[in-house]
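J.: After the structure tokens below, expect a handful of questions from me.
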Amino acid sequence: MTLAELLPTYRRSLPEKLPAAIWPDAAEAMPSGDVAVSGVSLTEVAERFGTPSYVLDVQTVRYRCRAYRALDAEIAYAGKAFLCRRMARLIAEEGLSLDVCSGGELATAAAAGFPAERILLHGNAKTDLELRAAARAGVGRVVIDSVAEVDRLVGPQDVLVRVTPGIDGHTHRAVATGVEDQKFGSSLAGGQAAAVVARVLSRPELRLVGLHCHLGSQIAGVTGYEEAVRRLVAFLADIAVRHGVALPQLNLGGGHAVAYRPGDASFNLSGFAARIPRVLGFECRKHGLVPPRLTLEPGRAIVARAGVTLYRVVTVKHTSTRTYVAVDGGFSDNPRPELYDSRYTARLVGRAGDVQKRSMRVVGRHCEAGDVLIPDVQLPSDIRAGDLLAVPCTGAYHHSMASTYNLVPRPPVLAIDDGAVEAWIRRETEADLLHRDIA
Ligand SMILES: *Cc1c(COP(=O)(O)O)cnc(C)c1O
């Protein structure tokens, strides 16, 4: 029997542990009910910087980068998950490459001094402006999405061809990008991918260095990637026979799942590390090919768990059916529940709270009935206006997807590193909003 079980009052004073699968590495529950990240109190962060705010634990980002760097592969962070100059610099320091998919992401990477040769440009509708900016910046690789794009590229340029392998990653349809009949890539089965390859090889100023595929997002299992390796290696073999070229790179994209709530499945990274190189080796031997170098493009798996969003409870409403906890953010700082039916959890921060928990609905402040952050979560029954709520696992696709809907300014990104907090992106102000509005 533990001390906590013997003495109910002792248990009452013990903070509930933070589930490690969804909180930052440096986060710790304090006896006061507060949560500290690298020793920095989230209550104090909220008081100093206001709410809503995105907090980012830099240590978690570093450790996730290192976990991926331990694999025998090039790791290209998918900047669309979260990018700013400081993030780009951190990614560069950790030795990763960087995926960008717009002129804005490219400009941010360039402004951070990110090494251009380690940048990959993606996109199914790259504009001429973006293609020229990429050429000017000296972007290392452009990932070609369709045959029409080939003639629009500015050479000399190393390129990959994005292939739709016809694999269902068993994920939400909004993020399933490996299946046939969708806007990304060129179909393997339909022969369009082969046509893109032939077209690229007909332009001597383009150097075809490999193939790319991206199965989708929030994929936990490894079997989809194994099948992708089989199909893409067969295609590499076909290219070698038809054109006499051996392509040195195979990019398997990202999409590695993270847990948003305790018990959610996350990506089997060790299974991936154990199985994929073996499958690659086996398939290449079968076709008499030298195994290409793998590139992986994790976004969410690098940065999601590093992030926590802090909200202030504005009002608590009890109806005959449920309790609504309305906070000072919502759809504009997290559209994912609405877009993908994503589910989160929340925790009261800053006071112990009633031990009795009840099911409640956490809603945002926007003029949409669908602005529900968490449809059903257990929170202390004495939750009240002024309380601070923390929603973990919000480091990826939160700031990058934020909008100013209802002209609500976007929250800051507050990085905590080695016991200190500092804004990487400051809070947007009403003056910022008016700045673009020409009277
Ligand atoms: C979105 C995207 C990624 C990253 O996806 P995650 O789910 O964040 O890992 C990687 N590669 C491409 C081409 C993408 O579009």
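Note: Cβ is positioned from N, Cα and C throughout, glycine not excepted.
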J.: Suppose a student reads TrEMBL and sees R300, R336, Y340, E368 listed for substrate. Which of Y77, Y225, Y397 should they find annotated at that same site?
T.: Y397
J.: Have a look through G255, G350, G353 and flag the one TrEMBL assigns to the pyridoxal 5'-phosphate site that E297, P298, G299, R300, Y397 belong to.
T.: G255
J.: Please give the average pLDDT for the domain 'Orn/DAP/Arg decarboxylase 2 N-terminal' (67-304) in this predicted model.
T.: 96
J.: By the DSSP assignment reduced to helix, strand and coil, which category contains P298 (pyridoxal 5'-phosphate binding site)?
T.: coil
J.: What is the Cβ neighbour count of Y340 (substrate binding site) at a 10 Å cut-off, with all protein chains included?
T.: 16
J.: Enumerate same-chain residues with a sequence separation of six or more from Y397 (pyridoxal 5'-phosphate binding site) and a Cβ-Cβ distance below 8 A; give 'none' if the list is empty.
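T.: In sequence order, K80, A81, F82, G299, R300, A304, R336 meet the Cβ cut-off.
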J.: Restricting to the record's pyridoxal 5'-phosphate-binding residues (G255, E297, P298, G299, R300, Y397), give me the longest CA-CA distance in Å as a whole number.
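T.: So the binding residues stretch over 15 Å, Cα to Cα.
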J.: Can you tell me how many other Cβ atoms are located within 10 Å of the Cβ belonging to K80 (N6-(pyridoxal phosphate)lysine)?
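T.: Excluding its own Cβ, K80 (N6-(pyridoxal phosphate)lysine) sees 19 Cβ atoms within 10 Å.
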